[in-house]
Amino acid sequence: MADNSLPESWRFIKQVVEGRWFAVFASFLIMIGAGSTYIFGTYSKAIKSQFDYNQTQINTLGFAKDLGSNFGVFAGLLGEVAPPWVLFLVGSALNFWSYFMIWLSITGRIAKPPFWEMFLFICVAANSQNFANTAILVTSVRNFPDRRGIILGLLKGFVGFGGAILTQFYLALYGHDNPTNLVLLLSWLPTVASMLFFLSIRPIKVRKDPDELRVLYHLLYVSIILALFLLFLTITQKQTVFTQEAYMSGATVIIGLLLIPLLIAIREEFMLFKLNKQTLNNNPTVPILMPEHEPSPKAPPTIQQIPEASTSCFSMTFKKPQRGEDFTILQALFSKDMALVFIATLTACGASIAAIDNLGQVGESLGYPSQTISIFVSWVSIFNFFGRVFSGFISEALMTKYKLPRPLMFAFSHLLTCIGILFIAFPYKGSVYAASLIIGFGFGAQVPMVFAIISELFGLKYYSTIFNCGQLAVPIGSYILNVDVIGKLYDIEAAKLGGVKNGKGLTCTGTHCFSGSFLILAVVVLFGAVVSLVLAYRTQDFYKGDVYNKYREDMWIPQSDMEFYCIDDRKKGGNNLPRMDMPPKYNFLKL
């Protein structure tokens, strides 16, 4: 309830920090920390040199990172029974412990750990991000139920360039001489971000805001400007020598851009605060409609909703509800739709990660200089972001306006990735530039669409566990395609066609080194596109309807100026008052 005993300025601050848009701003900052998994290659060199690991051991640690970052089942199950702040606390504790132990190990402050222990540290470090990731995604989808594709794209976009932002902060604080300091930064910075904002991210029951899409587009514009600045900064740093002051200047600009979403949140809350105050001054007895910060209590189940005692869990698993309704975890996992989503994700995301992980060696085998190879990796990160945000906005628009199934757009992202992979399978001069751009964008486009499709088909009740089970396809696909396809075929080509022994295994040079394996990857991704088209065909009738209708029923949508006076006042400057026949689920409070 509004506290009239507080000064007006404090009431406004309280309204800002309890609002949805401040929660979005806080989510952006925390999701940047989840990008730490994308800079494993930077500090893995320090691990390799400190412990004298061979390349096979480093690749195994890379698999530990992929396994941990995609095995979010524990975070999902915890999210079913605990509020978001519990997930933030658990994730922060695991993040600090694991990265701090890695830092203590590589700096020699503790004894050299066994290899299995280092595997565990890296796996836990990557897995810790799943707790914040799960809390933020589930909460945001519930706070923006009919804009879920857009909000997922924005949030996953910040994960996409989070590694680049963390790298710039590392360079500004510590310089580039000692990558062990990067591990120290990863231990405390994401932890501090979660501790500062973990109470701000929670389900917030609000009325439908007609200007919601406009604000989301403003956030999109800010994120694009930030991504372009990171692209400019990264390329410039590869071409010229930066001083410590230059690194700090770049980080300062990044911080300034990151604060713009906070200014947008303050602007939105200030408009509402001012109009509420104006309305009260004109008529002090008018009750003001305020959002509930907790979901309304659920109605008691009807007789039909209560399963009979004799009904077994196994039999209920195969009595699936209609698409879009709330599936149980087992109902979702044993459904044909989930099988198709799993296969499509395994092929597309698995092949994309396998291609990205080997992009450096591809460039090396084709004779590109090391400076150019670094640009490839940076391009993948930046265009990964563009793929994530644009797929969220574009797929949402095409689905709501033209009733196109989202799996159809998922299939298109497969085809885009397939084209990028073919640029490596059949290389020509400069083709790896195009490949890094297209593969990065295609992989970025796939990620938010997977999460959105799962939420649309299987409901939000058990979403935290279901989407974490679905993304298990990613490490499975990347391991099979990376190790069993690319790695083995590379060794065969190197041995067969005169590879060079350099002390770290055979090194292959020429177009033949990766052409066969990447051709297999292209076929796998093409098969995944066909699977996505099958899913689109199966769900076309579902997407022709109003996918978000059941969520709009829980939100009051204004139909006239009198019903949403504050939005009308923004545009017309009037003093309209809210109607007295609002749904009873909303609280009427006097400010």
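Every residue, even glycine, has its Cβ placed from backbone N, Cα and C.
Just so you know, TrEMBL annotations are computer predictions that nobody has curated.
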Range annotated as transmembrane segment - as stated in TrEMBL, picked from 150-170, 465-485: 150-170
The domain 'Nodulin-like' (20-266) [mean pLDDT, rounded to integer]: 89
Cβ pairs under 8 Å between the transmembrane segment (213-235) and the transmembrane segment (247-266), at least three: yes
Selection from 20-40, 85-106, 150-170, 408-426, 518-537, the stretch that has most Cβ pairs under 8 A to the transmembrane segment (247-266): 20-40
Seg_contact(the transmembrane segment (368-387), the transmembrane segment (518-537)) with at least 3 CB pairs under 8 angstroms, min sep 6: no
